[in-house]
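Just below is one structure, and these are the notes that go with it.
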Amino acid sequence: MGYPHRSHERETPVLSKHFGDPAARTLQGWRERGGYVALEKALKMDPAEIQTIVKDSGLRGRGGAGFPTGVKWSFMKPDGKQHYLCCNADESEPGTFKDREIMRWTPHALVEGVALGAYAIYATVAYIYIRGEFTEPLEQVRAAVKEAYAAGILGENAMGSGKTVHVHVHQGAGAYICGEETALMNSLEGRRGNPRIKPPFPAVAGLFGQPTTINNVETLTAVPHILNNGAEWYKQFGRPDNPKSVGTKLFSVCGNAARPGNYEVPLGFNFGEFLWDLCGGAANGREIKAVIPGGSSVPFLTAEECRTAIMDYEGFVAAGSMLGSGGVIVFDDQQDMVRQIARLCRFYAHESCAQCSQCREGTAWTTKIMERISAGDGTVRDFDTLLSIADNMTGKTICVLSDSCATPVVSGLKKFRHEFEAKLKPTPGVVGYGSTATAAAAPRAASPTA
Amino acid sequence: MTFGPSTPKPSPDQLTAHGAEHDHGPYEAVFTGAARAELDELLTRYPNKMAALLPALWIVQRERGWVSDDAMAEVADVLALTPAYVKGVVTFYTMYHQHPVGRYFIQVCTTTPCHVCGAEGVVDAFLQHTGCGELGVTSADGRFTVIEVECLGACGFATPVMINEQFLESVTPARVPEILAALT
């Protein structure tokens, strides 16, 4: 697949500007493209000043939660403690593959963002936790870190500033849950990736018990652009009537889309225009039936709802879904939604860390019922059972993996109930002796005495 | 819909007390020479030894192809942990092989975005052309093990497949014979 698509005048490549350009991967290539200017500038500033600029820019976390980055950074004060920055590069949300491409094509952009972020929160050590399966991004980021150390960009005297910034790459080992920030910290510490109860929040007691900030790859990569161009520049991207969602965002498009891939657009973009004009609608000339707009854990939107939805944090909520991580999964009109929801449940059942009973039991139970319905053995009572389980799975666990499994089930039952009903086992009629009805004939044929 | 195993199945002789290595002579330590130097360098990156557990296990897997109980005991020893603790961590993560696998370990993503694009067909093609026949089983010649994996994080390039460290994108059933033929 070629990068970038750039088929539309309103695509705004900021982070994705150098995707597809192998020369941008090297330190020299990255410097020729304006790399490390922001870091050099930042190292001469006071960290609190950087925090203010990022706060003013309106940048929000791009990993899914959307918490304002500058505000998160401002929790970190110069208190004499060892601080840590963690870059969450454990991208595992089905439908999302933007961080992978950032690391593959512009690894130095990430290293610069991480170093800058670490300095801005008074941390001297930062870890980039990359999921184990991302072999190529791992290789690229490791090479970039090595080059940056060799060039004196990282280390005891970063860029000759007298400041210390260490960046280390840490490889995960295959666990979706490690993308949850507290599970990621546990994993980095050499533990099972079980999420931790909050509070204490990472800013108080995070990695190795020290104040820690965790940011997504896309968030940290945006920071050097903000430092270079200013908070006002960043705020120009977005819709004028919604100052809460600004900047550009990478949306990963997959499933039955005609042109899957990563697209960078300003927040506030029209989702209908995005789906049909940029991504070409459904593949093979088919119609779109449903879309998950923000990674597998957010509610479905029907094709009609997609036409009017606005692509920002508030816009997707207003449309009945969420921006999440920006992973757009397209389902065409031939897809069996019951089967796909069952498959999603199976993913969450597989990935539950099993720490909370509501999640451990709920994800497995939901999967079994969904697969039974999908196989044509469900009954109408299963719908109530599913909703009841989903209710017990939502908001009652340490992290939101359980909620993420319940979401497609509840959303699917609401929007595609007719498909669920069409799959139900036919209700047997009351059949007496001598009847020739099919319902009565089947068990007789199976009987060994027949 | 089938529930494919996400970790390979052990053969009966691997279910002995300490795995297959005991059948082939005494255990040889991994962390000597260059591997030990690599671990020592890793340890400088973290404030305590335990944090180097995942990287240490990766070194074991790279050197031995899998992580045996004996290797877990060695890792526990070098990082001042208990073997039970190390096993508890190893079993949490899906990428550490707890049993020997084929020379080519093939992981096919079948999570929803790939599922809608026909990933099941890719799995079937690999099972057929490798002679494995079944998920998680190593082929008779010891070359291949095929498993289904949950989200490889390359959803726009359906179907992504990992063969050892190599990441392949946009794999279709028709491409499978050619991919396998390219493996030496």
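Cβ atoms are placed via backbone N, Cα and C, with glycine included.
Per TrEMBL, the features are as follows:
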type    : residues                               : note
BINDING : B:Cys109, B:Cys114, B:Cys151, B:Cys155 : [2Fe-2S] cluster binding site
Sequence-distant neighbours of B:Cys114 ([2Fe-2S] cluster binding site) in its chain (C-beta under 8 A, six or more apart): B:Cys155, B:Ala158, B:Thr159, B:Pro160
Among B:Cys151, B:Cys155 [binding-site residues], residue with fewest other Cβ within 10 Å: B:Cys151
Subset of binding-site residues B:Cys109, B:Cys151, B:Cys155 within reach of chain A (CB-CB under 8 A): B:Cys151, B:Cys155
DSSP three-state assignment for B:Cys151 ([2Fe-2S] cluster binding site): coil
Distant-in-sequence Cβ neighbours of B:Cys109 ([2Fe-2S] cluster binding site), under 8 Å, six or more positions away: B:Ala119, B:Glu148, B:Val149, B:Glu150, B:Cys151, B:Leu152, B:Ala154, B:Ala158, B:Thr159, B:Pro160, B:Val161
